[in-house]
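Participant: Mind having a look at this structure? Questions to follow.
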């Protein structure tokens, strides 16, 4: 590989890393917006998750740069050999000096050993996770859904998961309501039926029921931020869509919201341990048996 080609590859790699860092910062901002500032427990977990995401990206970038560097010729060693040959005194038959290992090479070898140790720890953690809460929950939900000839349809964890899961279900029925539509209609319905929702909303700092101003902000956040949706929002959506919404969970019986409606229920999957931030909603789809039969 000549020097120009090497520089071009290195420049491309650095540009890629910059883009990935920008993308991660956008994701982090979305994560921050999805957790209320007064929810100290989830904010603390959020800080830990963000730190892990940034650390993982930093480690991967270092590994990629290290791999790139190892593909390049070692200029110190080449020059060392050349200098040794040109300094030979044939008359005195001086011994040829062996090229010394550069400091950069020593650092790379030390780094490689550290990364190998880290990879081994990650592998051990992955094995341990097979008995962890997240894996057990996923396995149990898969069995529950398989009995209905269904499987989980993964939904991004971005604060919109509940609305995205419902959007997916509606599209399967020919309904083109979007996440933005669902959020807007949910907020409008809750504001127009405040007496049905206010008693269930309390200030996490004082324990008091929301004031009218706090309730208005809550509804405004539904529309303007990726605020996480829960049972109150599901209740509103059930009335808006005039459809029952069934929530399947691993550790207890399904919850059905809007049982008064007779149309086919929308089915969601509630996962308590799916992500570091906690609760998450997925959608469902027909079970794909092709992999089992292949």
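Sequential numbering from 1, following the chain as shown.
Backbone N, Cα and C atoms are what each Cβ position is placed from, and that goes for glycine too.
Sharing the feature lines straight out of Swiss-Prot:
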type	residues	note
ACT_SITE	158	active site
ACT_SITE	161	active site, nucleophile
ACT_SITE	280	active site
COMPBIAS	27-36	compositional bias 'Polar residues'
COMPBIAS	73-86	compositional bias 'Polar residues'
COMPBIAS	111-120	compositional bias 'Basic and acidic residues'
REGION	155-161	region 'Cys-loop'
REGION	270-280	region 'His-loop'
Participant: Rank the active-site residues 158, 161, 280 by the number of other Cβ atoms within 10 Å of each Cβ and report the first-ranked residue.
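Facilitator: Compared across 158, 161, 280, the most Cβ atoms within 10 Å surround 161.
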Participant: Could you give me the DSSP helix, strand and coil counts for the compositional bias 'Basic and acidic residues' (111-120)?
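Facilitator: Tallied per class, the compositional bias 'Basic and acidic residues' (111-120) gives 10 helix, 0 strand, 0 coil.
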Participant: What does DSSP give as the helix, strand and coil breakdown of the region 'Cys-loop' (155-161)?
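Facilitator: Once the DSSP states are binned, the region 'Cys-loop' (155-161) shows 1 helix, 0 strand, 6 coil.
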Participant: Would you mind reading off the Cα separation of residue 280 (active site) from residue 158 (active site), to the nearest angstrom?
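Facilitator: Per the Cα atoms, residue 280 (active site) and residue 158 (active site) stand 9 Å apart.
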